[in-house]
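Q: Below, the features straight out of TrEMBL:
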type	residues	note
DOMAIN	41-287	domain 'G-protein coupled receptors family 1 profile'
TRANSMEM	25-51	transmembrane segment
TRANSMEM	57-76	transmembrane segment
TRANSMEM	97-120	transmembrane segment
TRANSMEM	140-165	transmembrane segment
TRANSMEM	205-228	transmembrane segment
TRANSMEM	240-260	transmembrane segment
TRANSMEM	272-290	transmembrane segment
Amino acid sequence: MEEVNQSEVSEFIILGLCDSWELQAFFLVIFSSLYLITILGNIFIVLIIIIDLHLHSPMYFLLANLSFIDFCLSSVTTPKMITDFLKEKKTISFGGCMCQIFFGHFFGGGEMVLLVSMAYDRYVAICKPLHYASIMNRYMCIGLVMTSWIIGFVHSISQLVIIINLPFCGSRELDSFFCDIPLVLKLACMDIYVLEILINADSGVLAALCFILLLISYSHILITVCRYSKDGASKALSTCTAHITVVVLFFGPCIFIYLWPVSITWVDKFLAVFYAVITPLLNPAIYTLRNKEIKNAMKRLQC
(Lines of atoms letter the chains of each structure in order from A and count residues from 1; the text may use other names and numbers.)
(Lines give C-alpha, C1' and ligand atoms only; values in the text may rest on other atoms or scores of the structure.)
Protein backbone atom coordinates (compact mmCIF):
# COMPACT_ATOMS: atom_id res chain seq x y z
CA MET A 1 0.00 0.00 0.00
CA GLU A 2 1.37 3.38 -0.97
CA GLU A 3 2.01 5.63 2.00
CA VAL A 4 0.72 9.16 1.93
CA ASN A 5 2.44 11.84 3.94
CA GLN A 6 0.44 13.89 6.41
CA SER A 7 1.30 17.04 4.49
CA GLU A 8 -0.34 15.55 1.37
CA VAL A 9 -3.63 14.76 3.13
CA SER A 10 -5.96 17.61 2.25
CA GLU A 11 -9.25 16.26 3.54
CA PHE A 12 -11.08 13.40 5.25
CA ILE A 13 -14.35 11.80 4.16
CA ILE A 14 -17.09 11.84 6.80
CA LEU A 15 -19.56 8.95 6.61
CA GLY A 16 -22.06 10.67 8.91
CA LEU A 17 -24.80 9.13 11.01
CA CYS A 18 -26.53 7.15 8.25
CA ASP A 19 -26.86 6.63 4.48
CA SER A 20 -30.62 7.03 4.14
CA TRP A 21 -31.70 10.38 2.66
CA GLU A 22 -35.04 10.10 4.47
CA LEU A 23 -33.31 9.72 7.83
CA GLN A 24 -30.90 12.52 7.00
CA ALA A 25 -33.81 14.85 6.23
CA PHE A 26 -35.40 13.85 9.54
CA PHE A 27 -32.12 14.41 11.42
CA LEU A 28 -31.69 17.77 9.68
CA VAL A 29 -34.93 19.05 11.19
CA ILE A 30 -34.34 17.48 14.61
CA PHE A 31 -30.73 18.57 15.11
CA SER A 32 -31.30 22.03 13.66
CA SER A 33 -34.09 22.52 16.21
CA LEU A 34 -32.00 21.13 19.07
CA TYR A 35 -29.03 23.31 18.13
CA LEU A 36 -31.20 26.43 17.95
CA ILE A 37 -32.68 25.67 21.39
CA THR A 38 -29.19 25.00 22.78
CA ILE A 39 -27.80 28.28 21.48
CA LEU A 40 -30.78 30.38 22.59
CA GLY A 41 -31.00 28.63 25.98
CA ASN A 42 -27.35 29.07 26.88
CA ILE A 43 -27.18 32.64 25.61
CA PHE A 44 -30.34 33.44 27.59
CA ILE A 45 -28.78 32.12 30.81
CA VAL A 46 -25.61 34.15 30.28
CA LEU A 47 -27.58 37.34 29.55
CA ILE A 48 -30.06 36.99 32.41
CA ILE A 49 -27.22 36.42 34.89
CA ILE A 50 -25.42 39.51 33.57
CA ILE A 51 -28.54 41.70 33.58
CA ASP A 52 -30.16 40.67 36.88
CA LEU A 53 -28.27 42.02 39.90
CA HIS A 54 -29.89 39.40 42.15
CA LEU A 55 -27.89 36.75 40.29
CA HIS A 56 -24.51 38.39 40.77
CA SER A 57 -23.16 35.65 43.04
CA PRO A 58 -20.36 33.07 42.70
CA MET A 59 -22.72 30.20 41.88
CA TYR A 60 -24.36 32.06 39.01
CA PHE A 61 -21.06 33.47 37.79
CA LEU A 62 -19.84 29.86 37.39
CA LEU A 63 -23.18 28.84 35.85
CA ALA A 64 -22.89 31.62 33.25
CA ASN A 65 -19.44 30.35 32.32
CA LEU A 66 -20.77 26.80 32.06
CA SER A 67 -23.48 27.99 29.67
CA PHE A 68 -20.90 29.85 27.60
CA ILE A 69 -18.72 26.73 27.36
CA ASP A 70 -21.78 24.64 26.39
CA PHE A 71 -22.60 27.21 23.70
CA CYS A 72 -19.04 26.89 22.34
CA LEU A 73 -18.88 23.09 22.71
CA SER A 74 -22.11 22.55 20.77
CA SER A 75 -20.87 24.90 18.02
CA VAL A 76 -17.67 22.91 17.40
CA THR A 77 -19.35 19.99 15.63
CA THR A 78 -23.12 20.48 15.34
CA PRO A 79 -23.24 23.17 12.58
CA LYS A 80 -20.95 21.04 10.38
CA MET A 81 -23.11 17.97 11.02
CA ILE A 82 -26.29 19.89 10.11
CA THR A 83 -24.89 21.25 6.83
CA ASP A 84 -23.54 17.79 5.93
CA PHE A 85 -27.10 16.42 5.96
CA LEU A 86 -27.62 18.51 2.81
CA LYS A 87 -24.56 17.11 1.02
CA GLU A 88 -24.10 13.87 -0.86
CA LYS A 89 -20.33 13.92 -0.37
CA LYS A 90 -19.34 14.86 3.16
CA THR A 91 -15.75 15.97 3.63
CA ILE A 92 -13.69 18.00 6.07
CA SER A 93 -10.30 19.55 5.43
CA PHE A 94 -7.26 18.42 7.38
CA GLY A 95 -7.08 21.82 9.06
CA GLY A 96 -10.80 21.74 9.86
CA CYS A 97 -10.42 18.28 11.35
CA MET A 98 -7.56 19.40 13.59
CA CYS A 99 -9.60 22.45 14.65
CA GLN A 100 -12.55 20.26 15.64
CA ILE A 101 -10.24 18.08 17.72
CA PHE A 102 -8.53 21.05 19.37
CA PHE A 103 -11.64 23.02 20.27
CA GLY A 104 -13.63 19.91 21.21
CA HIS A 105 -11.03 18.92 23.80
CA PHE A 106 -10.40 22.55 24.79
CA PHE A 107 -14.02 23.20 25.74
CA GLY A 108 -14.59 19.64 26.97
CA GLY A 109 -11.55 19.72 29.27
CA GLY A 110 -12.48 23.19 30.48
CA GLU A 111 -16.01 22.05 31.32
CA MET A 112 -14.68 19.14 33.40
CA VAL A 113 -12.66 21.52 35.55
CA LEU A 114 -15.51 24.04 35.74
CA LEU A 115 -17.86 21.34 37.05
CA VAL A 116 -15.32 20.71 39.82
CA SER A 117 -15.30 24.44 40.57
CA MET A 118 -19.09 24.45 40.82
CA ALA A 119 -18.97 21.47 43.18
CA TYR A 120 -16.40 23.31 45.31
CA ASP A 121 -18.67 26.36 45.41
CA ARG A 122 -21.56 24.23 46.72
CA TYR A 123 -19.20 22.54 49.21
CA VAL A 124 -18.14 25.88 50.67
CA ALA A 125 -21.73 27.21 50.69
CA ILE A 126 -23.10 24.18 52.56
CA CYS A 127 -20.17 22.99 54.66
CA LYS A 128 -18.60 26.37 55.49
CA PRO A 129 -21.43 28.92 55.19
CA LEU A 130 -19.90 31.47 57.57
CA HIS A 131 -16.74 31.63 55.46
CA TYR A 132 -18.47 31.51 52.09
CA ALA A 133 -18.23 35.22 51.30
CA SER A 134 -14.55 35.40 52.20
CA ILE A 135 -13.57 32.19 50.39
CA MET A 136 -15.65 32.60 47.23
CA ASN A 137 -14.66 36.20 46.61
CA ARG A 138 -14.28 37.86 43.21
CA TYR A 139 -10.64 36.82 42.81
CA MET A 140 -11.36 33.20 43.70
CA CYS A 141 -14.22 33.03 41.17
CA ILE A 142 -12.11 34.53 38.39
CA GLY A 143 -9.22 32.25 39.35
CA LEU A 144 -11.41 29.13 39.16
CA VAL A 145 -12.73 30.08 35.72
CA MET A 146 -9.25 30.97 34.42
CA THR A 147 -7.93 27.66 35.75
CA SER A 148 -10.61 25.76 33.83
CA TRP A 149 -9.69 27.55 30.59
CA ILE A 150 -5.95 27.03 31.10
CA ILE A 151 -6.27 23.33 31.93
CA GLY A 152 -8.61 22.86 28.97
CA PHE A 153 -6.05 24.52 26.68
CA VAL A 154 -3.11 22.48 28.00
CA HIS A 155 -5.12 19.25 27.71
CA SER A 156 -6.20 20.06 24.16
CA ILE A 157 -2.81 21.16 22.87
CA SER A 158 -1.15 18.07 24.36
CA GLN A 159 -3.62 15.87 22.47
CA LEU A 160 -3.16 17.79 19.23
CA VAL A 161 0.64 17.61 19.35
CA ILE A 162 0.44 13.81 19.44
CA ILE A 163 -1.66 13.41 16.28
CA ILE A 164 -1.02 16.43 14.06
CA ASN A 165 2.12 14.98 12.45
CA LEU A 166 0.85 11.42 12.01
CA PRO A 167 1.43 9.84 8.57
CA PHE A 168 -1.81 8.73 6.90
CA CYS A 169 -2.29 6.17 4.20
CA GLY A 170 -5.08 4.22 2.58
CA SER A 171 -8.63 5.06 3.65
CA ARG A 172 -9.48 8.61 4.66
CA GLU A 173 -12.99 7.73 5.88
CA LEU A 174 -14.15 8.74 9.36
CA ASP A 175 -17.15 6.66 10.41
CA SER A 176 -18.82 9.45 12.37
CA PHE A 177 -20.17 12.97 11.90
CA PHE A 178 -17.08 14.81 13.20
CA CYS A 179 -13.34 14.46 13.69
CA ASP A 180 -12.08 12.97 16.93
CA ILE A 181 -8.82 11.46 18.05
CA PRO A 182 -9.81 7.75 18.19
CA LEU A 183 -11.18 7.98 14.63
CA VAL A 184 -8.16 9.78 13.22
CA LEU A 185 -5.73 7.40 14.92
CA LYS A 186 -7.29 4.46 13.05
CA LEU A 187 -6.24 6.04 9.74
CA ALA A 188 -2.57 6.38 10.67
CA CYS A 189 -0.19 4.07 8.78
CA MET A 190 1.95 3.23 11.82
CA ASP A 191 1.72 1.34 15.08
CA ILE A 192 -0.56 3.46 17.27
CA TYR A 193 -0.40 1.33 20.42
CA VAL A 194 1.90 3.74 22.29
CA LEU A 195 -0.01 6.77 21.04
CA GLU A 196 -3.29 5.30 22.28
CA ILE A 197 -1.75 4.77 25.70
CA LEU A 198 -0.49 8.37 25.81
CA ILE A 199 -3.82 9.83 24.70
CA ASN A 200 -5.86 7.63 27.03
CA ALA A 201 -3.52 8.50 29.90
CA ASP A 202 -3.87 12.22 29.15
CA SER A 203 -7.67 12.09 28.99
CA GLY A 204 -7.87 9.52 31.77
CA VAL A 205 -5.84 11.51 34.29
CA LEU A 206 -7.89 14.67 33.74
CA ALA A 207 -11.26 12.87 33.78
CA ALA A 208 -10.38 10.64 36.75
CA LEU A 209 -8.97 13.52 38.81
CA CYS A 210 -12.01 15.71 38.15
CA PHE A 211 -14.39 12.86 38.91
CA ILE A 212 -12.63 12.02 42.20
CA LEU A 213 -12.72 15.67 43.28
CA LEU A 214 -16.43 15.78 42.43
CA LEU A 215 -17.10 12.66 44.49
CA ILE A 216 -15.18 14.11 47.44
CA SER A 217 -17.08 17.42 47.28
CA TYR A 218 -20.54 15.88 47.07
CA SER A 219 -19.72 13.26 49.69
CA HIS A 220 -18.73 16.02 52.13
CA ILE A 221 -21.93 17.89 51.31
CA LEU A 222 -24.13 14.85 51.96
CA ILE A 223 -22.32 13.95 55.19
CA THR A 224 -22.44 17.51 56.50
CA VAL A 225 -26.13 18.07 55.81
CA CYS A 226 -27.14 14.63 57.10
CA ARG A 227 -25.22 15.31 60.31
CA TYR A 228 -26.78 18.67 61.11
CA SER A 229 -30.30 18.32 59.74
CA LYS A 230 -33.19 15.98 60.57
CA ASP A 231 -34.18 15.68 56.96
CA GLY A 232 -30.65 16.24 55.80
CA ALA A 233 -30.58 13.52 53.17
CA SER A 234 -33.54 14.96 51.26
CA LYS A 235 -32.21 18.52 51.49
CA ALA A 236 -28.74 17.48 50.34
CA LEU A 237 -30.16 15.58 47.41
CA SER A 238 -32.42 18.49 46.54
CA THR A 239 -29.45 20.88 46.59
CA CYS A 240 -27.08 18.72 44.59
CA THR A 241 -29.39 16.80 42.24
CA ALA A 242 -28.90 19.23 39.35
CA HIS A 243 -25.12 19.21 39.75
CA ILE A 244 -24.87 15.43 40.05
CA THR A 245 -27.16 14.92 37.05
CA VAL A 246 -24.99 17.15 34.86
CA VAL A 247 -21.84 15.37 36.05
CA VAL A 248 -23.29 11.95 35.16
CA LEU A 249 -24.53 13.15 31.76
CA PHE A 250 -21.17 14.74 30.93
CA PHE A 251 -18.74 12.14 32.27
CA GLY A 252 -20.79 9.10 31.17
CA PRO A 253 -20.26 9.50 27.41
CA CYS A 254 -16.64 10.62 27.97
CA ILE A 255 -15.82 7.38 29.77
CA PHE A 256 -17.20 5.19 26.97
CA ILE A 257 -15.77 7.31 24.14
CA TYR A 258 -12.21 7.79 25.40
CA LEU A 259 -11.48 5.54 28.38
CA TRP A 260 -13.61 2.45 27.81
CA PRO A 261 -14.55 2.32 24.11
CA VAL A 262 -17.18 -0.27 23.19
CA SER A 263 -16.08 -0.60 19.53
CA ILE A 264 -19.69 -0.78 18.32
CA THR A 265 -20.26 1.80 15.60
CA TRP A 266 -23.88 2.73 16.35
CA VAL A 267 -23.13 2.97 20.09
CA ASP A 268 -20.13 5.22 19.40
CA LYS A 269 -22.27 7.46 17.21
CA PHE A 270 -25.05 7.61 19.80
CA LEU A 271 -22.58 8.57 22.55
CA ALA A 272 -20.97 11.17 20.29
CA VAL A 273 -24.37 12.74 19.54
CA PHE A 274 -25.29 12.70 23.22
CA TYR A 275 -21.99 14.34 24.21
CA ALA A 276 -21.88 16.94 21.43
CA VAL A 277 -25.57 17.79 21.00
CA ILE A 278 -27.72 16.62 23.91
CA THR A 279 -25.52 17.47 26.93
CA PRO A 280 -25.10 21.19 26.02
CA LEU A 281 -28.89 21.31 25.61
CA LEU A 282 -29.71 19.61 28.91
CA ASN A 283 -27.28 21.57 31.09
CA PRO A 284 -29.18 24.89 31.03
CA ALA A 285 -32.50 23.07 31.37
CA ILE A 286 -31.36 21.03 34.38
CA TYR A 287 -29.86 24.02 36.18
CA THR A 288 -32.77 26.38 35.55
CA LEU A 289 -36.02 24.40 35.60
CA ARG A 290 -35.78 23.77 39.36
CA ASN A 291 -34.02 27.04 40.18
CA LYS A 292 -36.34 29.53 41.87
CA GLU A 293 -33.94 32.46 41.53
CA ILE A 294 -33.67 32.00 37.77
CA LYS A 295 -37.47 31.73 37.53
CA ASN A 296 -37.88 34.90 39.60
CA ALA A 297 -35.37 36.68 37.40
CA MET A 298 -37.39 35.67 34.33
CA LYS A 299 -40.55 37.09 35.98
CA ARG A 300 -38.73 40.35 36.75
CA LEU A 301 -37.76 40.62 33.06
CA GLN A 302 -41.41 40.29 32.04
CA CYS A 303 -42.54 43.08 34.36
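Just so you know, glycine gets a Cβ as well, placed from its N, Cα and C.
Annotations in TrEMBL come from automatic prediction, not curation.
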Q: Quick check: do the transmembrane segment (272-290) and the transmembrane segment (140-165) share at least 3 Cβ pairs under 8 Å, counting only pairs 6+ apart in sequence?
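A: No, the stretches stay apart by this measure.
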Q: Under an 8 Å Cβ to Cβ limit, what residues of the same chain, 6 or more beyond the ends of the transmembrane segment (57-76), are close to it?
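A: Same-chain contacts beyond the ends: 35, 38-39, 41-43, 45-46, 49-50, 100, 103-104, 107-108, 110-111, 114-115, 117-118, 121-122, 125, 136, 140-141, 144-145, 148, 178, 276-277, 279-281, 283-284, 287, 293.
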Q: Sequence-remote contacts (6 or more beyond its ends) of the transmembrane segment (140-165), Cβ cut-off under 8 Å?
A: 6, 58, 61-62, 65, 98, 101-114, 117, 120, 181, 184-185, 188, 195, 198-199, 202-203, 206
Q: Roughly where does the domain 'G-protein coupled receptors family 1 profile' (41-287) sit in mean pLDDT, to the nearest integer?
A: 85
